[in-house]
Amino acid sequence: MQTLIAFLVMFGVLVSVHEWGHLYFAKRAGILCREFAIGFGPKLFSWKRNETVYTIRLIPLGGYVRMAGEDPELITIKPGYEVGLVFNEKNVVSRIIVNNKSKHPEAQVVQVERIDLERELFIEAYDDDGERKRWDVDPKAEMVQDEEATQIAPYDRQFGSKSVAQRALAIFAGPLMNFVLAFVLLAAYGFMQGIPVEDPVVGNIAENSAAETAGLQKGDYVLSIDGQTLETWVDMTMIIQQHPNEEITFEVERAGQILQIPVTPNQVEGMDGEPIGLVGIERPAPEPATLVSGLQFGATQTYTYMTMIFDVLRLLVTGQFSLDYVAGPVGIVNYTGQAAEMGIFVLLQWTAALSVNLGIVNLLPLPALDGGRLVFLGLEAVRGKPLDPSKESLVHFVGFALLMLLVLVVTWNDINRLFL
């Protein structure tokens, strides 16, 4: 239960922040945002605030902001249709009743002759006496079908009416907010826990550990292992983990002397089930954070996570890293549970790492992702006109289908690795 709760909270935060970036900058550009959704599939909860419906959906695999003009309107009214019109105090159409008109006795039933709900905002129709009349339509008028109201979207409120720069910012803002979230989480970690010591210095040593048996001491500065020069604590731990049950030689500086100390790391099981080496040393105690060092830590750690993720992507593309080791939804849930068991501070770091990952993956130039949409906007800027919307939608649909197929593959890998 703890694992599930931790995952749902983390997922909600990551996706909410990402989609809020889209929502905020889209609204700043004047785009009508019809829905802000966390999750996909059937709707679990919903509420409406101002012009936007906020929904929580069943499948926790992402989220979306539905902007007017990105997809064809679900309700169309053509000449010859009978609709009910509800007017405001200025005799301007405020609601258009598409069906079930008998449930709206306040509506005047008319037969549509001409209608424009995008640019001129008017309805011409014949009333009960056969007289043809014209009414202005409120820019925020609603169409009611099956007792569900949908606000109309004049052209100047649609995604396509905005400049390339405005649309690009609305799309890029999602990944950008993930990077900002990672920075905030890591800076908060630094302020609460202190700034971790990056140098390869030995901290506390566990009793009866490989390090104690070999003669390592607290305060030893590790210069190299088996001739490999070290710059950071992470460099040291990675080399140790790569040599379970294998003797390696630590070159350490102690009280001005250089010592060569052979150590044989114990073999333990890593988070992914693979064997790793462990010598039983801890990192030195963190240093108290100042305002500057805390913010600097948040920025440098965010950058470090970004470079690590780019390195993995490069290895994937070049075939040097197997897709079998990429965690899918099941793997992420499992690792989130392990992070939660280790404490709130480990969970903070894990959430920050996933936030950076979400931001970078979304910027990949692939259909259905934010990066793919930015590519289409770039092509529009070069050509001076947008591509055929139907063709672009088809590309994104195919891309989304392939993305879901990839999710299924890595999910199977998760199940095979963790449970079979």
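Cβ coordinates are placed from backbone N, Cα and C, and glycine is handled just like the others.
Here Swiss-Prot flags 5-25, 168-188, 315-335, 344-364, 392-412 as transmembrane segment, drawing on sequence analysis. Look at Swiss-Prot and you will find HIS18, HIS22 tagged as Zn(2+) binding site. Look at Swiss-Prot and you will find GLU19 tagged as active site. Annotation comment: Swiss-Prot describes 182-267 as domain 'PDZ'.
Of all the recorded positions listed here (HIS18, GLU19, HIS22), the one with the fewest other CB atoms within 10 A of its own CB is GLU19. Take the transmembrane segment (168-188) and the stretches 5-25, 315-335, 344-364: counting Cβ pairs under 8 Å, 344-364 has the most. With respect to Cβ pairs under 8 Å, the transmembrane segment (344-364) is most closely packed against 5-25, considering the stretches 5-25, 315-335, 392-412. Each residue of the domain 'PDZ' (182-267) gets a DSSP state, and the totals for helix, strand and coil are 26 helix, 26 strand, 34 coil.
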